[in-house]
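Beneath this line is the structure, given in structure tokens, with notes to follow.
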Amino acid sequence: MVLPPRLLLFFLLLIGVHASVSHGSPSLPPTYDPSICSKSSKCGGVNISYPFYLSNATGETYDYTQFSCGYTDLKISCSLDGSKQTPFIQLNGENYTILEIIYDSRTIVLVDTDALRGSCPRVRHNVTFGQAYPWLQYTGSRDNLTFFFGCKLNLPPPIDPGLVSLADKHQINCKDFSNWPDSGDSFVFTSGELEAPVESELARRCSQVIVVPVNGSVLNSSNQSALPSGGYGQVLKMGFDLAWNSSKDEQCYKCEQSKGHCSYSQNRAFLGCLCSDRKVSTKDCRNNGASNSSALTMLLSLCLRLLPLLLVLVAASHGDASGDTYDTSMCLQKPTTCGNVSISYPFYFATKTKDINESSNSYCGYPGLAIDCDDGKPILQLNGTEKYKVNYINYGSITNVSLADLEVVDDSSGCPRVDHNVTIPQISWLFFSGISVDYLVFFLRCSFTTFAPKPANFNPIACGSFIDLTRPSFVFPDELVPPGNWSQLCEETFEVPVLKYQLMGMDSNGNAWNNSGYAQVLRQGFQLSVNESRRPPNCSQCEESQGRCGYSQAGEFIGCLCPNGRYSGYAVMDKTRYSILMPFSVPNFLHANIIAGTSSVLLLCLLSFACLFGLKKSRYRRISKGTPRIESFLQRNGTLHPKRYTYTEVKRMTKSFAEKLGHGGFGAVYRGNLSDGRQVAVKMLKDSKGDGEEFINEVASISRTSHVNRGDSVRILFAWIQKGSDL
């Protein structure tokens, strides 16, 4: 039976894809420039070495993307101002100057670059960590300074005079302090000085609350009464400590155990192990000898890469060109407002889904970030069921979105009832952003007994629909949940995330709290961050080319949506490190030229492969022919015969025959180093030297004082004399 042409092409494509995947070629080249893995470099007096790396010291993969010799997030930039060098690292898109790196304790000391400007600097951002920075964490020396900016204490209702007096002691009064762009007063508190009523009142009356990490020892030893008059600037300039973790990647762990350095993509994906001999291993440096060392293997790898590309091009040239466009209205090419919230990519409107390449209801954005604009109210669903109102979205190096439970927002009673937990699965593109999240715990319809009485000092919720309940209900901040087995005493228990600073200063057992005070905290919602590290390499490449990533309803990446309305699909060969771009957007008249060129290269590869295979086989026969004679020679010499070394060991001791000393009578001589540090010279017999009999005779004459190496090629290994020559 003759297969239809299109079906035959598809069948061949599957064979090519299978062959390429089975081979498992790494995306890194077989060798790398060792300068990107220098043992140490300096910037501004700070020593920089692995796992840190300089931003201008990266390599390039086959796909022209950058890879590092070090952990992705530990990239250091070295700025130059005149003759002054300053090392800095970026966190959440903000620059932090590096004061010191302590490798013994795995600690890095950072200071907000803004804090170095003047004696009374204006800090402008919080520092948050979460899943987006898996290698970094705070140390035990951390303390905080809390800043309130743009405060207007004279607004109604009048503030308590006692609170005003306390706040005045902490008002920033430096002459060179600039509160721009906010108007009003500004305050600074240590974590121990910030009283709950003051914090709650200031949070409501100030435009911005910023919590800045500082070194606790430095803060405790400072004159804290002088903080508002400029002392806080001195504390900020001393920085704060972060610790870095060893990579939790099993592949990276094995690489480092073998004295290699881990290479990562800019998306935090482990790419390979960079070994000291300039070779790249897919596993570790112990297995490096068999990895990417053969020109034959490299050529086969290239051929297998080109084969599926050729087949894809042929298939594309025979396909219908009508499917390479898409409706550009499904992509948010510029911000669009829903209510007072600006919606931009990677978010997308739930109504803007289209069929792309036979994938129905595809969308332009990341999975789980669909926004439903309902009567001017932006709604986002979590876990596909629960609806949340979007309060705001902050776009940056890490995109943050603030959400509030829609039922809470729409509740008119003043005391909303919560009926579900908020859980974010690991497969989600959203995650809780570290220190900004706290929880309220609801205990509903509780039954107390004489054996388990209700604590006298805890008051139930006393408003709205809770009044009608025959059994009381309670709500507490997570850290203030009273002791006892409340979950068994109450019919239902729910945990709801909230913004941590909204709980500051709240009296969780006061009448205001139990009569709708907690509702104010719920309406402020909670914050999630977009986990961009979930992007597959194809999506990252798409965005780097100014495209937008398209996904199917199942959450699978289906292609790159270009601004000109063209669609470029990707056939994924290996989700972690291998992909081929299907050039649907290439005009049809170019297909023939591309196919012809690719076919020529592929044919040349196959011919070269055949020649190399023939040469290797011929050489193997010649070497095999001489092997029995060498073995016989070694046996005849009895106890005088030298120590044997494998070819891999000789390559290692000569650093892959890197330093050539000269030529002897029968071949080239290379410098080497034994494992005990002694220097040696290695002579290698040329293949053209007949049957090697004279070479063996030379071995016999030297063997009484020297060593012989055994391998596929014949070598003489003898002690290298620094002042003289044995050649």
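Placed from the backbone N, Cα and C atoms, the Cβ positions cover glycine too.
Remember, TrEMBL labels are computer predictions, not curated facts.
Note that the structure is a prediction, hence the values are computed from the model and not measured.
According to TrEMBL:
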- 1-19: signal peptide (SIGNAL)
- 589-615: transmembrane segment (TRANSMEM)
- 655-727: domain 'Protein kinase' (DOMAIN)
- K683: ATP binding site (BINDING)
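In three-state terms derived from DSSP, K683 (ATP binding site) belongs to an extended strand segment. Around the residue listed as 'ATP binding site', a 10 Å sphere centred on its CB holds 26 further CB atoms from the protein chains shown. Confidence for the domain 'Protein kinase' (655-727), expressed as mean pLDDT, is 62.
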